[in-house]
């Protein structure tokens with residue numbers, strides 16, 4: 001809806017175009033304040049609500065915004081102006097997002113989307129859907145963000161909304177940048193840019209130029225990056241977009257920093273900081289502070305670098321952006337390494353690794369590819385359906401004597417095409433289902449790698465540094481390095497065993513349990529019995545079932561050796577009708593389960609049993625030993641041997 005402002009306000013806006021650059025910010029705020037006051041003084045009407053929505057979308061930082069939104073919502077309710085509520089909610093969500101109130105922004109956009117869909121307001125539904133994706137991107141939840149941006153793109157292309165399609169394409173490109181797919185990102189930005197140029201949308205052009213520059217920067221093509229960053233700055237300055245100007249300063253500064261022109265980079269970062277400090281957008285402030293911290297670090301201005309990293313961390317934690325938290329921890333890790341504070345360096349190294357798992361990023365990449373495949377398939381289906389519909393319309397124009405024959409042919413083609421599409425969609429859904437299951441397992445493996453190996457590798461690095469610098473305690477440090485290296489090798493061995501396809505039989509699981517348990521029992525002089533049934537040795541076991549059975553046994557044996565003080569122990573499996581039972585027993589001191597429910601990994605053991613739907617029972621008492629017994633259902637037919645066999649291998653000491 002077009003809003004006609006009083007002539008005086010238009011004249012003031014025109015004068016601002018020729019005002020000195022240093023005065024534009026304050027004068028613009030004054031004009032905005034005057035316009036806001038004029039809106040509040042308008043008579044109550046639907047036109048006033050529309051004017052408030054248009055104003056708040058153009059001016060998101062004025063201190064009268066809360067008052068305007070309150071007035072807008074009150075008028076919507078008073079006038080029963082339901083058609084305006086989705087638009088007002090969406091504008092309010094953008095306002096809250098700009099102040100890093102992400103939970104509130106999500107709620108606003110989702111309410112807007114639901115109401116717009118109910119009212120048939122497709123334009124607002126698309127805008128709200130894209131805005132939900134933007135909030136999720138700021139929260140580093142790229143999988144969810146992609147889902148909403150893809151949905152917005154489908155709707156925008158369906159109704160011919162070029163502006164929203166451009167926003168969606170730009171956002172999907174940003175997700176590819178986060179995942180390291182820089183060439184794919186550039187393809188999306190180049191699809192979005194002509195749409196923005198056609199509509200003379202300078203903000204969209206500025207965003208696309210900056211994003212293309214960012215992709216080239218990460219690819220190491222600094223000259224190309226600098227060219228596109230400066231194009232973005234040109235358009236941001238042309239429309240007086242302060243946030244965009246600050247982003248451009250930061251981007252050009254990063255190129256200068258990589259060209260070792262550190263002083264010039266710091267000057268631009270400081271100019272950006274003066275703007276971002278006034279905007280109230282925590283994400284861009286945290287990014288700006290991290291950029292300054294890294295530049296100061298290169299100049300060995302360690303106190304300034306430390307202050308910037310801590311400020312960035314404080315802001316990033318407050319708004320919940322993992323990317324900037326990770327960057328701050330990385331900066332603090334490098335700072336403490338360079339200042340020889342190795343204990344602090346180790347601490348920040350562990351925190352940094354918690355936010356940067358390359359395998360999880362690869363899993364997100366797989367999700368992106370799946371979503372794009374579904375989008376491309378549905379787009380092709382729509383194209384085929386469109387062609388078939390046109391073909392059916394054309395058939396009406398045929399001669400009467402061929403109508404029946406041609407109509408029958410069209411019907412046959414439609415049925416055939418529908419059958420093929422149904423089959424292809426079924427295949428695609430089944431494939432995505434398998435990929436989702438694989439993604440879940442790989443994500444768990446990634447988590448295990450991170451938990452088991454991340455901290456130990458960091459410890460090895462720090463202990464090695466301490467060993468290099470230390471004149472004493474070398475034996476103790478070497479012992480710690482050796483222990484950490486052994487833990488890492490053991491964890492890696494478990495992962496390799498798990499993912500190797502040839503290890504999918506019950507007999508391989510039994511062998512892996514023996515290889516773990518026997519050295520553990522022997523290290524404490526415990527007499528032991530290990531007995532597994534040969535009758536199901538060829539039975540295949542899914543990866544997650546093998547993994548959780550082994551981890552339950554491993555956790556139980558580990559606790560048995562550490563705490564039970566036993567002299568005898570046994571691990572026995574039995575082939576029963578529809579299930580396999582496992583029993584781990586010792587004659588140790590036992591414990592009171594009512595008082596120590598969290599001890600010895602009981603919760604962890606029960607949790608793993610639940611993941612494979614296994615029944616589990618723990619029988620123990622003080623002084624009476626412990627029995628851990630669980631039953632795993634057979635998912636597939638058991639491969640019994642045709643002739644009787646001797647009992648399973650028994651190992652005794």
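Glycine is no exception: its Cβ is also placed from the backbone N, Cα and C atoms.
Nobody curates TrEMBL annotations by hand; they come from automatic prediction.
Your range for transmembrane segment, going by TrEMBL and the list 403-424, 425-446, 447-468, 469-490, is 403-424. Remote same-chain partners of the repeat 'TPR' (206-239), defined as residues 6 or more beyond its termini with a Cβ less than 8 Å from a stretch Cβ, comprise 170, 173-174, 177, 180, 182-183, 185-186, 189-190, 192-193, 196, 245, 247-249, 251-252, 254-255, 258-259. Summarised as a single figure, the pLDDT of the repeat 'TPR' (206-239) averages 94.
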